[in-house]
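Reviewing the structure listed below.
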Amino acid sequence: MGVFSNLRGPKIGLTHEELPVVANGSTSSSSSPSSFKRKVSTFLPICVALVVIIEIGFLCRLDNASLVDTLTHFFTKSSSDLKVGSGIEKCQEWLERVDSVTYSRDFTKDPIFISGSNKDFKSCSVDCVMGFTSDKKPDAAFGLSHQPGTLSIIRSMESAQYYQENNLAQARRKGYDIVMTTSLSSDVPVGYFSWAEYDIMAPVQPKTEKALAAAFISNCAARNFRLQALEALMKTNVKIDSYGGCHRNRDGSVEKVEALKHYKFSLAFENTNEEDYVTEKFFQSLVAGSVPVVVGAPNIEEFAPSPDSFLHIKQMDDVKAVAKKMKYLADNPDAYNQTLRWKHEGPSDSFKALIDMAAVHSSCRLCIFVATRIREQEEKSPEFKRRPCKCTRGSETVYHLYVRERGRFDMESIFLKDGNLTLEALESAVLAKFMSLRYEPIWKKERPASLRGDGKLRVHGIYPIGLTQRQALYNFKFEGNSSLSTHIQRNPCPKFEVVFV
């Protein structure tokens with residue numbers, strides 16, 4: 001393009017041998033070598049000036065950042081790579097081409113290797129090998145690894161109040177690079193929930209038991225007040241059938257979920273009150289259609305299918321009020337049925353977004369986390385290809401963004417114009433892209449049939465890659481269009497994840 005490429009073409013000092021030759025071997029009679037040189041000397045500056053003017057006119061249409069990128073790419077790319085200014089390609093097509101990257105590591109040929117655990121998933125969107133022995137250096141390993149370049153992983157589903165190393169800050173101090181716990185703030189959460197494990201939408205059964213609630217509590221030395229809460233409820237004349245080792249009054253040799261189906265309430269009492277520590281006690285109650293009465297996670301509402309689907313004893317002072325509520329619901333069928341309405345109408349989008357996370361096995365999510373980290377490190381290196389990430393034509397600038405569904409590895413391109421860097425435009429661009437691909441969400445085959453929808457994609461959230469699931473699902477939100485615009489302009493080729501519901 002323009003001035004530099006044209007200056008590389010003609011040579012300034014032409015020799016006698018380079019002049020046109022007539023058939024008889026003499027030079028053209030119309031001009032001598034000296035007159036030709038004079039003509040070249042006369043017209044060459046004019047030609048150069050014209051080309052410079054044209055070039056400046058083109059470059060002035062770019063903003064400053066685009067000017068730097070254009071000049072950088074000019075010196076590293078052939079003229080065929082810079083046709084966007086000539087109108088041969090649209091900005092989107094040009095960006096798709098010049099922003100493309102061939103990374104130094106092809107995971108299809110050189111898969112992620114995780115050491116210290118057997119592979120426990122069928123498929124994953126990034127090639128990944130797990131095992132105990134290999135000639136290859138691991139990308140990550142369970143336990144504290146002292147091998148340089150290998151990430152150390154801790155994985156546990158136990159409460160941090162019983163196992164201090166599961167505390168996120170403690171794990172970091174010990175040297176773990178990747179934390180996998182029940183905490184949604186961990187790098188790769190490993191929760192007790194999933195569509196595959198629990199038939200959450202199972203129909204409600206008749207409540208035939210005389211007792212209001214059932215309890216299955218065997219650890220009578222829990223580090224919270226659950227045993228005291230059980231005793232206090234019994235003293236309020238709430239009849240409870242206890243199948244566990246604590247205050248047992250019923251034969252414990254029953255199938256738990258089947259037994260719970262016939263009680264109006266289930267005591268989902270955890271052994272600790274810890275954020276995000278929500279175990280099978282709660283989810284089995286949902287399966288059974290027995291309203292869970294919770295002692296446990298202070299943020300239990302984030303794990304509930306609807307706001308009125310549970311009762312929460314946050315502290316001992318709440319016992320009397322909860323007991324009163326249980327009796328009221330038991331005596332008022334319409335009010336009680338409201339607590340189970342989600343079974344018929346479907347749970348909230350936030351609940352579906354949470355459970356959908358488990359549609360991708362935690363080990364696969366670990367592999368994606370490691371692969372993403374490897375790519376990010378390469379992109380930060382000085383040797384990494386510089387990409388324009390935006391294109392300006394006239395007064396309009398087009399920005400190149402990348403997006404993937406949560407649980408996938410590969411990215412898809414979307415584009416936004418500078419006059420429309422809005423949250424609405426971002427969502428529309430994401431939907432348009434994935435709908436054009438006839439994309440099927442990860443959870444499609446995992447959810448119960450009644451929750452798979454009508455085939456139309458709906459966005460629950462879009463967030464920058466790198467956030468924890470706590471941030472992505474509950475805490476993060478762009479503060480209006482200006483916040484999104486600033487993020488896009490400050491982060492060339494920004495990457496996002498989308499959660500579909």
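Cβ atoms are placed via backbone N, Cα and C, with glycine included.
Taken from Swiss-Prot, the feature N-linked glycosylation site covers N64 (among others).
The N-linked glycosylation site annotation in Swiss-Prot covers N337 (among others). Annotation for N337 (N-linked glycosylation site): no spatial neighbours, criterion Cβ-Cβ under 8 Å with sequence separation of six or more.
Within the same chain, no residue at least six positions away from N420 (N-linked glycosylation site) has a Cβ under 8 Å of its Cβ. DSSP assigns N420 (N-linked glycosylation site) to a helix. Here Swiss-Prot flags N420 (among others) as N-linked glycosylation site.
According to Swiss-Prot, the N-linked glycosylation site annotation covers N481 (among others). Counting only residues at least six positions away in the same chain, the Cβ atoms of L421, T422, L423 sit under 8 Å from the Cβ of N481 (N-linked glycosylation site). N481 (N-linked glycosylation site) falls within a helix when secondary structure is assigned with DSSP.
Per Swiss-Prot, site 'May be important for donor substrate binding' is recorded for S218 (among others). Within its own chain, S218 (site 'May be important for donor substrate binding') has G244, G245, C246 as residues 6 or more apart in sequence whose C-beta sits under 8 angstroms from its own.
Look at Swiss-Prot and you will find N219 (among others) tagged as site 'May be important for donor substrate binding'. Counting every protein chain shown, the number of other Cβ atoms lying within 10 Å of the Cβ of N219 (site 'May be important for donor substrate binding') is 13.
Here Swiss-Prot flags R226 (among others) as site 'May be important for donor substrate binding'. Taking Cβ-Cβ distances under 8 Å and a sequence gap of 6 or more within the same chain, the neighbours of R226 (site 'May be important for donor substrate binding') are I217, F269, E270, N271, V295, G296.
In this structure, Y243 (site 'May be important for donor substrate binding') belongs to neither helix nor strand by DSSP; it is coil. Counting only residues at least six positions away in the same chain, the Cβ atoms of A214, A215, F216, R250, D251, G252, V254, K256, A259 sit under 8 Å from the Cβ of Y243 (site 'May be important for donor substrate binding'). Under the heading site 'May be important for donor substrate binding', Swiss-Prot lists Y243 (among others), citing experimental evidence as support.
Swiss-Prot lists 1-39 with the feature topological domain 'Cytoplasmic'.
According to Swiss-Prot, the topological domain 'Lumenal' annotation covers 61-501, on the basis of sequence analysis.
Residues or ranges marked as transmembrane segment by Swiss-Prot on the basis of sequence analysis: 40-60.
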- Message: Helix, strand or coil by DSSP: which one applies to N337 (N-linked glycosylation site)?
- Response: helix
